[in-house]
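Here the structure is laid out as structure tokens; the discussion comes afterwards.
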Amino acid sequence: MGYQRQFLEHYQPNETAYLAPALRAHLHQLGHSPAEGRPAGTYARQVLDRLLIDLSWASSRLEGNTYSRLDTQNLIQFGLAAPGKDQLEAQMILNHKAAIEMLVEQAQEVGFNRYTLQNLHALLSDNLLPDPGAGGRLRQNEVAISGSVYLPLAIPQLISEHFDTLLAKASAITDPFEQAFFAMVKLPYLQPFEDVNKRTSRLAANIPLIRRNLAPLSFVDVPEALYVEGMLGVYEINRVELLRDVFVWAYERSCQRYTILRDSLPVPDPLRLKHRETVQVLVTDIINGGIHRNDVASIQKRVAALVDPEDIEDVLALTVNELNQLHEGNIARYRIRPSQFRNWLASQAEAQ
């Protein structure tokens with residue numbers, strides 16, 4: 001069974017739909033978070049500690065990794081490898097951690113493009129491939145799929161062309177869940193890399209979810225056998241129904257794990273959100289200028305130069321509040337060095 005190019009070519013973004021509208025609406029309802037409308041990656045950063053452990057553990061487990069969730073937590077949080085386990089298993093988990101961190105830290109830049117997918121693969125495959133140079137590089141040789149009669153493309157030029165087509169179609173899809181599932185189907189089918197394609201597809205499926213501040217897809221509790229059957233349906237008969245059922249069940253399960261975290265997160269102050277950048281500029285200017293936090297007249301003058309008259313009172317209050325809450329543990333958000341902050345604190349004491 002060889003590669004069927006029409007399986008990709010016949011898919012038309014926003015016309016073809018692997019997920020029905022009602023199903024997409026259901027997933028949106030489950031996955032929404034208080035961070036919707038905020039900068040890309042806000043929600044993922046809020047749940048990052050759990051996401052690093054859950055997704056690294058669950059995705060690795062689907063590759064036969066025998067680390068438990070507790071083993072994974074100890075490795076990620078404390079650098080403690082599980083005794084008696086193969087070093088390759090620890091490497092696989094740590095690679096997941098690095099790849100997830102890239103997606104979250106660069107949430108506003110990542111997408112379905114060569115930079116993201118190839119670097120994602122490079123991180124996931126680090127120190128795991130016979131050829132170290134194959135990490136992040138499109139495949140140049142034939143590969144076989146274990147347990148399947150499917151034979152992927154073998155011509156490097158065609159692999160490159162179809163990879164670009166895949167990325168263009170993925171980028172054009174407007175619904176994040178359709179986009180996520182498209183990645184889970186098409187990337188393993190093309191096998192653009194020598195190995196680690198399914199891992200790459202599982203993390204790539206999280207790109208639109210992270211960017212849109214939706215609950216992530218952790219793959220926790222997904223049965224390996226069921227996932228493999230779903231992939232075989234894609235490989236051998238180009239059918240997505242079983243893998244779609246796995247995807248939906250996995251997302252429902254993932255949302256259950258993150259609902260408690262989601263509901264415990266504070267709702268952002270809309271006023272602070274609206275004036276966030278202005279307040280950052282003001283606080284930085286005040287500290288660099290050595291202005292006392294109680295010098296309301298000087299602060300108000302700076303506020304008035306930056307905002308509309310009706311917003312002066314609100315922004316003034318926000319700025320003074322931020323100044324009163326500053327400490328060395330949060331000054332980085334204002335791009336203030338510790339030495340600058342200490343000098344400003346000293347000037348406050350001298351003025352009293």
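The backbone N, Cα and C atoms fix where each Cβ goes, and this holds for glycine too.
The site 'Important for autoinhibition of adenylyltransferase activity' feature in TrEMBL is assigned to Glu63. Over all protein chains present, the Cβ of Glu63 (site 'Important for autoinhibition of adenylyltransferase activity') has 14 other Cβ atoms lying within 10 Å.
The DSSP breakdown of the domain 'Fido' (112-252) into helical (H, G, I), extended (E, B) and coil residues amounts to 86 helix, 1 strand, 54 coil. Sequence annotations record features per position, and here TrEMBL assigns domain 'Fido' to 112-252.
Taking a C-beta cut-off of under 8 Å and a sequence gap of six or more, Asn197 (ATP binding site) has these contacts in its own chain: His121, Leu187, Pro188, Leu190, Gln191. What TrEMBL lists as ATP binding site is Asp195, Val196, Asn197, Lys198, Arg199, Thr200, Ser201, Arg202.
Just so you know, the Cβ of Asp195 (ATP binding site) picks up 19 other Cβ atoms within 10 Å once every protein chain is counted. Counting other C-beta atoms within 10 Å of each candidate's C-beta, the binding-site residues Lys198, Arg202 are led by Arg202. Within its own chain, Arg199 (ATP binding site) has Ser59, Glu63, His96, Leu124 as residues 6 or more apart in sequence whose C-beta sits under 8 angstroms from its own. Its Cβ taken as reference, Ser201 (ATP binding site) is surrounded by 23 other Cβ atoms within 10 Å in the chains shown.
In this structure, the binding-site residues Val196, Thr200 were compared by how many other Cβ atoms lie within 10 Å of their Cβ, and the smallest count belongs to Val196.
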